[in-house]
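Annotated in TrEMBL:
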- A:386-557: domain 'DNA primase large subunit C-terminal' (DOMAIN)
- A:391, A:469, A:486, A:527: [4Fe-4S] cluster binding site (BINDING)
């Protein structure tokens, strides 16, 4: 009661004041309160819309501000005249201003629902049909209609490319090799050509497919952290490959259009920092960009850039890292945004498709249904060690000799054991027995929690999956006196050789073969080779791998136990 | 209205406490005029001073009597812990706000149970809880988007770490494979020099390369040091940014199974060049003389393993086996001259750089990177007491760190004695000088002064920034 009377008072007050519009300009503070006819309602609204549309059109046609103003004044005079106070004698200024006022409020109501988005995307849609460059920061989603078939094929074609990148990296190829390989795959599934191919290819169609497919996968991969990380990682690499492929002029033009520019070091400043910048002669002439170090993380972590007072001095040939960091930042934000919007997505045609896309392509994670729990008991572990890959054998050996493992070692080994079927009860028994130098209360206090945590019954209750090779090789590098990690990656060469000999590999060729793989950073292939040799599977005549490349310690265990079973049967 | 009454209640509380203070004070410091207490600071100082001063006086007069550790801890937390500055530091302002309220604390209690996700609405609550629980160890975590004590009732997405100081943890146990004096928890002044060099190298790198200004180095109470970098920019870093910094600073890589842990590039980064200069200053004294790393075959093999040429390794080994008692420093000269005279055109550069690589491997700081890279990682708070050594975790001035002696850091027992002594003498000739805090009477004083100055440095910068911001908005 009180509220409404207050409002009425306010508006009443306004109404009395408001019948007189003193100026042509209006901040549209108070809505009109008078009665108007339906006809008036409609014509007022449409007339104002005419003017706004005309503005939109003029802007889209890229006219100058001066031109736009002239054009709009014309249209305005026709549909929605609004004259300054000095026209008092000749025109009914109050009627004009009333129309302006009322029509504004009608459209405000009509466009309030999702006005911002509509305006923005509306604008984009008309601009966006023209992709000027092969590179794309995927700022605006596509708005056009596409068929379900297109939806699916576009998405899967892009996925082929991203998957190919993942595979190439797993096979430890060099950056150059990866680029060659991906360009090939790309040409087949998702061709995207530079502007000089204009004559021969339908560049717009290629770029449209690239654009749409990106947005579909963005939606499919936005739903949890793991999927987001996967997508982010390989999209960034794809962008990097394309950026490297593109000609310098088009690259620079693209960056200019995207308004990505960095301050540069002047030549005198450059000269004064010559010693610190530490650049080789070939790069000396190129510009040096000055950015905050947070924008050049990849260079900072490689110690490949000079830092001073929190600023990174990035030479032009490392520009790609800056672009990529920008791309990554934007995509990361966009994925989070998408993940928030995803629960609202309610479309029975595309939801199953989206769900399907990411499930179809997730590798085996050795969790849940894949594991037969209770198959293995704490006492079996010692017998089974022969089936373990070297990383786990190493952990086991160290656990037995020092009766202890450090945190990351425990985690790596415990999760692996969980993956081969040790239940939480058995795991606790296993670790309790193994830590024989430690008294019970200390064990319960300092270790049992973590073991249960790995099984998802403490803390945030996440059921952790056994670590895969990539994670073991790349995350948490072992520090002094830590034993986790991948022996092929983290052992010195002498140690590796000794370990191979300990495992019964006496043939010098075979040893050198593995050592060469290690030197070339093909750790997983080295591990696969080790498996083949120790199980006499190696095909000596051909250099082709006999078994699938090991990508997961539990995959190694599974393969090894299966092999033994099948041999027994024979 | 309600706000008003709350304020009233607060001031009346302050007055009450002040009155209590006065009662105690009039007994001891008779000639202090009460009119001095008009300013707000005065009131605050009174508030923070401990009202329970009489306990100690009434108690054990005898100097020999030392209470047990938990009693000593209680004494430390009630009398000496610098709550006021501590809260100001963690809050980065005098007005208590979210930075303090949403900060995670963790207590390790005397039964060794650890309580995580503690948080406090104001410094008084923190003080009350510390005094009540007398934790063996206090850890500081991140500032979260909500109160850590409410964590269980929040959606995971509503509870995210927002900021935390960039922290580093260096521990002598990570030097066990190279230090020859003690192993594990024991330290001596000789092996402490590893920490001195670590501080020198990291301090300059963090200041010059990353532009950080507010670095607080803290002795961890036993065998290591912590560094808290408190610049706003450092506090706002995300995990990736923290990782990149660690990777920039880290030179020693590889686990127990890898002998050679340092590989340098041909074109050495200017930051490493600067580190190498520092290392060269200390290498002879610390590594060759104090640690004597070439004294016997077992130890020199570790050094030789870093030379990438088998022939050279064998040669040097043979040479030293003939004269095993030769001082390390002479053996080191052997090694250098052998390398420079060795004819191996292909590998010459790698061999030459292996000298620097050995120096890096023995003296460059070894970081516990997990502490640094996770924003939500806990780290032991400054001014805790190490339960085993009873030493207080005091600040170390990086400019003067070569004079820091961990074995001379005040322990609970010495502090207890000192305070007892001064209190006994003070009661004889009462009130010559006004004392704001108990710690001014003991050997913690210089450390507390250092900490006060450090926090004041941060506050000054914040004030200047605020002033600039307000001037900007005025101009607008």
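Note: Cβ is positioned from N, Cα and C throughout, glycine not excepted.
Automatic prediction, not curation, is the source of TrEMBL annotations.
Sequence features, as recorded in TrEMBL, placed on the structure.
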residue: A:391; record: [4Fe-4S] cluster binding site; DSSP class: helix
residue: A:469; record: [4Fe-4S] cluster binding site; DSSP class: helix
residue: A:486; record: [4Fe-4S] cluster binding site; DSSP class: coil
residue: A:527; record: [4Fe-4S] cluster binding site; DSSP class: helix
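Listed in sequence order, the residues of the same chain lying 6 or more apart from residue A:527 ([4Fe-4S] cluster binding site) and placing their CB within less than 8 Å of its CB are A:389, A:390, A:469, A:486, A:488, A:550, A:556.
The sparsest Cβ neighbourhood within 10 Å, among the listed binding-site residues (A:391, A:486), is found at A:486. The Cβ centroid of A:391, A:469, A:486, A:527 marks the [4Fe-4S] cluster site; residues of that chain outside this set whose Cβ lies within 8 Å of it are A:389, A:390, A:472, A:473, A:487, A:488, A:489, A:523, A:524, A:550, A:553, given in sequence order. The number of other Cβ atoms within 10 Å of the Cβ belonging to residue A:469 ([4Fe-4S] cluster binding site), over all protein chains shown, comes to 23. Summarising model confidence by region, the domain 'DNA primase large subunit C-terminal' (A:386-557) averages a pLDDT of 86.
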